[in-house]
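Feature annotations, reproduced from TrEMBL:
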| type | residues | note |
| --- | --- | --- |
| BINDING | Ser28, His59, Arg79, Phe80, His81, Ala111, Ser210 | phosphate binding site |
| BINDING | Glu191, Asn233 | purine D-ribonucleoside binding site |
| DOMAIN | 22-268 | domain 'Nucleoside phosphorylase' |
Amino acid sequence: MYGKIEKAASFIKEKFNATPEIGLILGSGLGVLADEIENAVKIPYSEIPEFPVSTVEGHAGQLVLGELSGKKVVAMQGRFHYYEGYPMELVTFPVRVMKLLGVEKMIVTNAAGSVNESFVPGDLMLITDHINYTGTNPLIGPNDERFGPRFPDMSEAYSKQLRAKAKEIASSLKIDTKEGVYLGFSGPTYETPAEIRLARVMGGDAVGMSTVPEVIIARHSGIEVLGISCITNMAAGILDQPLSHEEVIETTEKVKSSFLSFVKEIVKQM
Ligand SMILES: Cc1cc2[nH]c(=O)nc(N)n2n1
């Protein structure tokens, strides 16, 4: 596996010879941030050796490297999900490539359903911690010590320091943020009302189908992580209405501008 990651990283280095210090993983409908990257080098995932190809509507499927708020960044415009049928090591492959490119800090964003009824669609939730309810783990299998230890510590998976900075920035930009625990299911089904009640009992504030695998791999290789969920809908059973991907994309449309200015300012001050 290490050889494949090196191959992908050296292919990218040939096209972008600077060292990106910040990695960005942009969730459903939040890929617009990548369009703000200056002097952008855009590489479709299909051109990068060993990279999987994204299949979800609303995900572009390219790596974008360049400058954002004066920092060298690498952004995933479109991500890979376990529910698409990729093995976890492919879902998280881009995070290890980012590590080899030199990334030390990462902002992971996602769209999520609110379990905590005080969170409403359009809210931005700073992730304080996650619950891995995917039923698996990207680190299962032989450990590659070149990335990290066999049993990684996850006591501060989401950087307190980055979160404090994000909170400061949010208040200066008059953006109201929440804080909470992200509970990751495998998907692709949205949760049943019973699963949402379980998520609540377990201490989840928002649910989604991504982020957990990428953050586990990021933490394994010592990358500092800030996680931001865009609350796109009330989770199943809270309002008596069905859920849809359209609703998710629609809500991200609404929060786009505040989300963009928020993350750009965070990148500037990281
Ligand atoms: C992207 C996304 C949005 C939601 N909403 C929800 O209630 N449950 C999910 N799993 N997801 N995932």
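Keep in mind that glycine also has a Cβ here, set from the backbone N, Cα and C atoms.
Structural mapping of features recorded in TrEMBL.
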residue	record	DSSP class
Ser28	phosphate binding site	coil
Arg79	phosphate binding site	coil
Ala111	phosphate binding site	strand
Glu191	purine D-ribonucleoside binding site	coil
Ser210	phosphate binding site	coil
Asn233	purine D-ribonucleoside binding site	strand
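Sorted by the number of other CB atoms within 10 A, the binding-site residues Arg79, His81 start with His81, the lowest.
When Cα-Cα distances from Asn233 (purine D-ribonucleoside binding site) are compared across the binding-site residues Ser28, Arg79, His81, the shortest belongs to Ser28. Ser28, Ala111, Asn233 are the binding-site residues among Ser28, Phe80, His81, Ala111, Ser210, Asn233 whose C-beta comes within less than 6 Å of an atom of ligand 1, given in sequence order.
Within 10 Å of the C-beta of Glu191 (purine D-ribonucleoside binding site) there are 23 other C-beta atoms, taking all protein chains into account.
Within the set of binding-site residues (Ser28, Asn233), the lowest number of other Cβ atoms found within 10 Å of a Cβ is recorded at Asn233. Distance between Cα atoms for His81 (phosphate binding site) and Glu191 (purine D-ribonucleoside binding site): 16 Å, as a whole number. Model confidence over the domain 'Nucleoside phosphorylase' (22-268) is summarised by a mean pLDDT of 93. The CA atom of Ala111 (phosphate binding site) is located 14 Å away from the CA atom of Glu191 (purine D-ribonucleoside binding site). Around Phe80 (phosphate binding site), a 10 Å sphere centred on its CB holds 28 further CB atoms from the protein chains shown.
The two recorded residues Ser28 (phosphate binding site) and Glu191 (purine D-ribonucleoside binding site) have their Cα atoms spaced 17 Å from each other. It is 14 Å from the Cα atom of Glu191 (purine D-ribonucleoside binding site) to that of Ser210 (phosphate binding site).
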